[in-house]
Amino acid sequence: MANITKKVSWSSRADESGATAEGTRLLNGSEPRRLIQFSEGRSLFQIGRLSTVDLEEEMMSEEDCVSLQESLRGRPKEIPHNEKLLSLKYESLDYDNIENQLFLEEERRMGYMNFRCLEISRWVVCGLIGFLTGLIACVIDIVVEQLAGIKYQVVKGENHRFSAYLTVFILASLIVERNCWLIMFTPIAAGSGIPQIKCYLNGVKIPRVVRLKTLLVKVFGVICSVVGGLAVGKEGPMIHSGAVVAAGVSQGRSTSLKRDFNYIFEYFRRDTEKRDFVSAGAAAGVSAAFGAPIGGVLFSLEEGASFWNQMLTWRIFFASMISTFTLNFFLSIYHNKPGDLSNPGLINFGRFENNSQSVAYNLYEIPFFIAMGAIGGLLGALFNILNYWLTIFRIRYVHRPCLQVMEAMLVAAVTATVAFTMIYFSNDCQPLSSEHAEEYPLQLFCADGEYNSMATAFFNTPEKSVRSLFHNQPRTYNPLTLGLFTLTYFLLACWTYGLAVSAGVFIPSLLIGAAWGRLCGILLASSGSMWADPGKYALIGAAAQLGGIVRMTLSLTVIMVEATGNVTYGLPIMLVLMTAKIVGDYFVEGLYDIHIKLQSVPFLHWEAPGTSHWLTAREVMSSPVTCLNKIEKVGTIVDTLSNTSTNHNGFPVVVQVTGGDEPAKLCGLILRSQLIVLLKHKVFVELARSRLTQRKLQLKDFRDAYPRFPPIQSIHVSQDERECMMDLTEFMNPTPYTVPQETSLPRVFKLFRALGLRHLVVVDEENRDSKVVGLVTRKDLARYHLGKHGLEELQLAQT
């Protein structure tokens, strides 16, 4: 195969129209249908694809078309290396420690007690993360419950039905409108935040995803979305909130508040430590949302990387337990039951007792459960496909802030209108008694002493509606009510997810699944099956629907088991989730994976594609590589960093061999951020020799600049200073990971996923310690994955 000699750049440089990648908004820059023009026959193929490119992408050149045509006849000569397949604003995290001389000297100066104090500090930080995350969840739950109670009293106090509808209509529109305008100033706070946190745990740096402003907007937005009556939940955003708390607490400072608590957790100001704490924060968010500490740990493990150690896992579990306990404790005080720890999470499914008919299940019911899992996979795939095309429509036509606000208000108004329309035509009136768990029963269109089931399902908070579907007595809901509610809430939830509001999809998915699951139980019971308890099948349907949409298996199984408080249904839930994932993956990817691709993020999955074993590092690397000498001229460094066409973030450092014509020898790797700090402090050889420097540069100088390193344009270097030299020996990483160019792609992929690499130097196979022939980054691997799928879809379109 021929080497790829095109120099690839993934900086935030301007395109032909002058717009920079930094100006792109979240969930944009995607082209759902790509036109590829062939020279032979001048035929056009339209290929629908989830891998995203720029909306203004030009037609492929004739050379690229010929290359693609040749790939249809056999193996492609080279991997499509299209820069526009990925967004230019995302960079990788430096999870691998840079073991330069400064780092090693600091580590060697530290004694045993210093390391013990650092370990204790990590536990303290994890405890603070759990406590603050649980406190935030408690505040959200209390505020939502209070505002929902006020909303219920206002609607109940309206004597005329039309005035009640008008009240809900106006309240929902105004509340959602306030939420949407606030999101306009912090777009990253929209949605649940789970796709962005998945990317961060995967090793991708998402701009502004863990800032304090993002947390404040997220919390306020979730409250408004739930109280506004949208088909959303508040549990998913808790994962994002916990991650923001972890990122802020672990750094000992806030750039938004411009407060820096010096020497407090200063050692943790690097990507290696910060990403571990964000994992703990995400787990604490899951624990606070569902009361599932073990599920939270598994969520971070499932979405993160595979290079965890035992102590890190225990610290994450500790943060999850503290989060659950904090939420329990404060909610017990709020409910005037101090010490009653019966509210482990924001959603409480209620306990399925062992002596209850709703817990018992028989062996012959397992095929019914698996069939429900298949139904959940089909419905989840339909949900994801509809949401994908709806998101594409928003990207193209609803990208202006005023249009996004109008759409959010329209969804709120339509939700209120649909709810009242269904209530008006519903005659499902149930007697009001102590056996029913509804907290806000509404009498609308029913006789005295009765309540409207449809109205209660819409006006209860989603969490309480799920619990009533699980535990209400048989014959509480009419089958027609459940069928209509499933259909309408399915469409409303699909329309709502992706709006410019803070919202989650966990609870809507559970509510949809619980509704059609209970309907299946009622239909089976009506056919003479006495074992078909509606509450039992509501639980199975909820698991099937959620699994069909988000496609999580291990962590979601444990979350559902912990949330129900009984391990009896562990096997059925696991089988249902596996079936839903298998069936759903046949049609389309999970909802979060779809939105990650729509954001054009260089996301790496657990394993390399199965068809990549015949590829080597030579086919995916970027070449030629910009290298720096061990003692380099300052002007050369400034020009290299300022060149937008080669705006890389890692540079191999080489040393010229004296005598002979041998190529330069690789001796290290240095990052762009390090070079900028060196230029800022003017660490030049001439200044050191003339003793004009005030002090020796330390790791503290790099940590103070982290994470917002100044751009090269802000560094002033005079003409005389450009002639100075800079010695990189003390600051570069002298032992970067290297592979020969014939290394298989699966092995390269495993190195990135197992070690959390950002750069992998490719050297000449004949002399591994000399010639640098290429550089592999996360984006190179992600770009191959997208290009590979593009070729597969092209073959499918031709056949």
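Each position is counted from 1, following the chain as shown.
The backbone N, Cα and C atoms fix where each Cβ goes, and this holds for glycine too.
Taken verbatim from TrEMBL:
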COMPBIAS  1-12  compositional bias 'Polar residues'
DOMAIN    732-793  domain 'CBS'
REGION    1-24  region 'Disordered'
TRANSMEM  123-144  transmembrane segment
TRANSMEM  164-194  transmembrane segment
TRANSMEM  215-233  transmembrane segment
TRANSMEM  277-300  transmembrane segment
TRANSMEM  312-334  transmembrane segment
TRANSMEM  366-390  transmembrane segment
TRANSMEM  402-425  transmembrane segment
TRANSMEM  489-516  transmembrane segment
TRANSMEM  537-561  transmembrane segment
TRANSMEM  567-588  transmembrane segment
Whole-number mean of pLDDT values that fall within the domain 'CBS' (732-793): 81
Long-range Cβ neighbours of the transmembrane segment (123-144) (under 8 Å; 6 or more residues past either end): 215, 219, 222-223, 226-227, 234, 238, 241-242, 245-246, 249-250, 265, 268, 277, 280-281, 284-285, 287-289, 315-316, 318-327, 330-331, 334, 345-346, 461
Tertiary contacts of the transmembrane segment (277-300) (same chain, 6+ residues out, Cβ under 8 Å): 125-126, 129-130, 133-134, 136-137, 197, 200-201, 210, 234-236, 238-247, 249-250, 268, 312-313, 315-317, 319-324, 326-327, 343-348, 506, 552, 554-556, 558-559, 562-563
Range from 164-194, 402-425, 489-516 with most C-beta pairs under 8 A to the transmembrane segment (215-233): 489-516
Contact ranking winner - 164-194, 312-334, 402-425, 537-561 against the transmembrane segment (366-390), Cβ under 8 Å: 537-561
Considering the transmembrane segment (537-561), which listed stretch of 164-194, 312-334, 402-425, 489-516 counts the most C-beta pairs under 8 Å: 489-516
Beyond the flanks of the transmembrane segment (489-516) by 6 or more, those residues with Cβ under 8 Å of it: 27, 176, 179-180, 183-184, 187, 189-194, 217-218, 220-222, 224-225, 230-237, 289, 347, 375-376, 379-380, 383, 386-387, 390-391, 394, 401, 404-405, 407-408, 411, 414-415, 418, 457, 462-463, 465-466, 469-470, 482-483, 538-539, 541-546, 549-550, 591, 595
